[in-house]
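A short write-up of the structure that comes next.
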Amino acid sequence: MAAAVDEKLEKLRSAVAQLDQISENEKAGFISLVSRYLSGEAEQIEWSKIQTPTDEVVVPYDTLAPAPEDLDAAKKLLDKLVVLKLNGGLGTTMGCTGPKSVIEVRNGFTFLDLIVIQIESLNKKYGCNVPLLLMNSFNTHDDTQKIVEKYNNSNIEIHTFNQSQYPRIVTEDFLPLPSKGKTGKDGWYPPGHGDVFPSLNNSGKLDILLSQGKEYVFVANSDNLGAIVDIKILNHLIHNQNEYCMEVTPKTLADVKGGTLISYEGRVQLLEIAQVPDEHVNEFKSIEKFKIFNTNNLWVNLKAIKRLVEAEALKMEIIPNPKEVDGVKVLQLETAAGAAIRFFEKAIGINVPRSRFLPVKATSDLLLVQSDLYTLVDGFVIRNPARANPSNPSIELGPEFKKVSNFLARFKSIPSIVELDSLKVSGDVWFGSGVALKGKVTITAKSGVKLEIPDGAVLENKDINGPEDL
């Protein structure tokens, strides 16, 4: 068995050596990942050893010391910080070409515009210099380079670097897809955001930041509008010398699949649904036992990253992701940045308000953030205090709304949803301007029928199946 594995790995290694599109660092990282995968070193979680983390390990946000009121003290803290946005994803699921971060979110501003405006206003207010790093993938790099030029006159230092590019493995013979003539983008994949740590080091950016006296990086997905710099969190980490912090927030029924933090054999670690034995999946999804989930807002000490990357100590759980490219079954191996928590000293979670988790994964999320539920102040998306219910309305839009262009065409203006509990739309539905939706609203257009909601309509607790119900 071991001999067969070694032979497999050797064949792969010599094939990868021939690929001249990627660096030696990338080849070494890839082979190391594959050999970990083949050795089957993944430890099974022993369910009985899982403990609910205490408040020392997952700190309630309300118990953090207040941020210093003195501008100079705040500036000292902020000058130790770098913001890194994960910018490797494309907008394909929302029907957009190019990086997801250039989708317009509100008032003509893209995700990236808002991020830049936020950091600029921070730098201006405190007279600090918080740089922005964008980790691109080979899918988003060229477009992003062009896009960031428009920020040349901004009061913000922007660095871009690429995450690793690894070859997809053909399942049948375990050889790299690019060595079979698939030399285009289809032959490669970015290996998940766990790659942020080695890539930050390999790109030379980590050394530059350390030489500038930076101490912490705040990592977040570029599509999470709630992931803004929080001085209270930064202050806590510096004060307590925590090398790693994961922001978690209470689960709702919409988040049952999200990874959660557990205490395990004396360390804090991330438990993902994929690691859960089948007989415990329902327990994992229960909101009673596992009350929090990972927002993927992470704060990490830069010196600690340097130390662990150089020691090759970051051996995160491997996520096998089987795909098909033009009828060929392939495998890509990925890792997640949140899983690195168990390798850092004094790692903690902080249980943050839900407002720090506002991801835009689909047009239904876009409806929320473009509506009167939020306002835009200095690039920050702020929730409307007129909404009494702390949780957002649940919104389900049919496939007709999946692409951003179709979504925008079907709403003459975004309806008022401050008093909405839930909305479900299916079929060929078009919204007029100044529509208000309240309570529970279901709108279903029958097959082949175009259903138009008239301008100024107020729909409260309505179930609409045709014009006669309006």
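Every residue gets a Cβ built from N, Cα and C, even glycine.
Annotated UTP binding site per TrEMBL: LYS100, GLN163, GLY192, ASP223, LYS361, in sequence order. Here TrEMBL flags HIS193 as substrate binding site.
Positions of TrEMBL features highlighted on the structure.
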residue : record                 : Cβ within 10 Å
LYS100  : UTP binding site       : 23
GLN163  : UTP binding site       : 27
GLY192  : UTP binding site       : 23
HIS193  : substrate binding site : 24
ASP223  : UTP binding site       : 22
LYS361  : UTP binding site       : 13
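Calculated from their C-alpha atoms, the gap between LYS361 (UTP binding site) and the residue listed as 'substrate binding site' amounts to 17 Å. Across LYS100, GLN163, GLY192, ASP223, LYS361, which the record gives as binding UTP, the greatest C-alpha separation is 21 Å. Cα distances from the residue listed as 'substrate binding site' to the binding-site residues LYS100, GLN163, ASP223 are smallest for GLN163.
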